[in-house]
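I have placed the structure first, in the form of structure tokens, so that the comments after it can refer back to it.
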Amino acid sequence: MKWLKQLQSLHTKLVIVYVLLIIIGMQIIGLYFTNNLEKELLDNFKKNITQYAKQLEISIEKVYDEKGSVNAQKDIQNLLSEYANRQEIGEIRFIDKDQIIIATTKQSNRSLINQKANDSSVQKALSLGQSNDHLILKDYGGGKDRVWVYNIPVKVDKKVIGNIYIESKINDVYNQLNNINQIFIVGTAISLLITVILGFFIARTITKPITDMRNQTVEMSRGNYTQRVKIYGNDEIGELALAFNNLSKRVQEAQANTESEKRRLDSVITHMSDGIIATDRRGRIRIVNDMALKMLGMAKEDIIGYYMLSVLSLEDEFKLEEIQENNDSFLLDLNEEEGLIARVNFSTIVQETGFVTGYIAVLHDVTEQQQVERERREFVANVSHELRTPLTSMNSYIEALEEGAWKDEELAPQFLSVTREETERMIRLVNDLLQLSKMDNESDQINKEIIDFNMFINKIINRHEMSTKDTTFIRDIPKKTIFTEFDPDKMTQVFDNVITNAMKYSRGDKRVEFHVKQNPLYNRMTIRIKDNGIGIPINKVDKIFDRFYRVDKARTRKMGGTGLGLAISKEIVEAHNGRIWANSVEGQGTSIFITLPCEVIEDGDWDE
């Protein structure tokens, strides 16, 4: 029904009336023009053929005067052929007074020469001695054409001696008329199109002010006061439009102030680093920013309209009345999956009359702070524990020595030996802690050198092989020299830590394997150090590089470990743009993998 409504509009009605007037005018002009043009073209065509025929008549009369009727046939044939070279001429015949065809220009009709013509128009021209014409349809091989037949009698000494019969194709005239009509139709169509377009614009100048005021009225009813009605004149409609604009402007200014404050508040809430939740006076959530949604791990549609205390899982601990009385902050686990902890502060929205209209909860993410605090406490506890154990042991032995054990020649050396071992263990622990502290503060310098890795790793293996007799070392190292760039002292510490652990935890026929594999495509090499020890449970493999972590604390402490060796090794390897990780099968052994950058340098390359 929308099109019907549009059709009934004042704008459309004006355009339709305007177009109909143009169509009627163009039809009248076109009819008058085509009729007169057709008459003019036909008259010109017939006039040309008539003049042409008269020239031919004069020529034939001369032939008859000179040669007579008996010897004139050949010359008349030549005359007809000469005059028949015009495009519009279909055929010319000369027929004598006895209606015998003397000559013809059409080759296919040469057989009709010396035969009698039975055309009634020819008989009429010969009998009356007057020219005549008529239209016929005739096929010249390309389809039927309109043909204008013209007969003109030839007189010598005022006696009719014959008749000139001319068939002229008049199709070109009608084709020309059709072309002109087509041009006129196209011109009319273009004129109508332009008329419609102009009609819309012209009608628009009349209906636009009324339409604008109608639309403005609708928009104002919807609360939109931004539009303005264009004033086209100083008449009554223009005055009405001016009144509309003044009304819209005043209301818009008041609304703009409100919207500006609202947008400013929304922008602040949206871009805050803290989560914001605002509720109505009943505690139902009405506003929540993106940060709060991220902290809660919820979508906006899953939280709007729900009770704030229920969303924060506090309905059993707090009531809305308590929030008004107590503004203290507290910690809250918001997202257990991500371990997110937030400090929550509540406040109330109160009118000047004291009426509470809503509540606001501010969520501040303190997860990182809590994590740092927890790690600090764990570190202090671990260091305290690691120092307390040897100190307690040393204190016990020193007390025993003070009580007289130093006199016992067997016990005194043992007590002193244990005290020395515990002292050395504490020194190692303190040194490891100092090194870790330097790495954390990035104050531990790394002095890189280009190293022949084959020679480097073999030297370390040889040293450990000479220091023990109960462990077999198996080497799978490429013969081709691999060069790398690292701090030899730091990497020696890494390999010593890994090899020492492999030797400590191997059992039975102790065996430590070394496998070195190079990937030239990525300029990386992988070192695998495998033992046949007790192995590590699969759920604890990733934790062995944590500080102070021990799979078996009693066994590790008994063997003199501090729990920091692999943690230091990881820091050193990563500082060399490398990676270290472990694979283990419990009861079968553990493999430590180390990847480092490397280069394959041919012997001749050093000479460049």
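Cβ coordinates are placed from backbone N, Cα and C, and glycine is handled just like the others.
The feature transmembrane segment is assigned by Swiss-Prot to 14-34 (among others), with sequence analysis given as support.
If you look up Swiss-Prot, you'll see 183-203 (among others) marked as transmembrane segment. With a cut-off of 8 Å between Cβ atoms, the residues of this chain six or more beyond the transmembrane segment (183-203) that come close are 10-11, 14-15, 18-19, 22-23, 26, 30, 33-34.
In this model, the domain 'HAMP' (204-256) carries an average pLDDT of 76. Look at Swiss-Prot and you will find 204-256 tagged as domain 'HAMP', backed by sequence analysis.
As annotated by Swiss-Prot, domain 'PAS' applies to 261-331, with the evidence given as sequence analysis.
What Swiss-Prot lists as Zn(2+) binding site is HIS271, ASP274, HIS364, GLU368, and the listing cites similarity to another entry. Secondary structure at ASP274 (Zn(2+) binding site), taken from DSSP and collapsed to helix, strand or coil, is coil.
Sequence annotations record features per position, and here Swiss-Prot assigns domain 'PAC' to 314-378 based on sequence analysis.
The domain 'Histidine kinase' annotation in Swiss-Prot covers 382-600, and the record cites sequence analysis as its basis.
What Swiss-Prot lists as phosphohistidine is HIS385.
Taking H, G and I as helix, E and B as strand and the rest as coil, DSSP gives the domain 'HAMP' (204-256) the counts 39 helix, 0 strand, 14 coil. Same-chain residues lying 6 or more positions outside the transmembrane segment (14-34) and placing a CB less than 8 Å from one of its CB atoms are 177, 180-181, 184, 188, 191-192, 195-196, 199-200, 202-203, 206-207. Most other Cβ atoms within 10 A: among the binding-site residues ASP274, GLU368, that distinction falls to ASP274. One residue stands out among the binding-site residues HIS271, HIS364 for having the most other Cβ atoms within 10 Å of its Cβ: HIS364.
For the domain 'PAS' (261-331), the DSSP counts in helix, strand and coil order read 30 helix, 14 strand, 27 coil.
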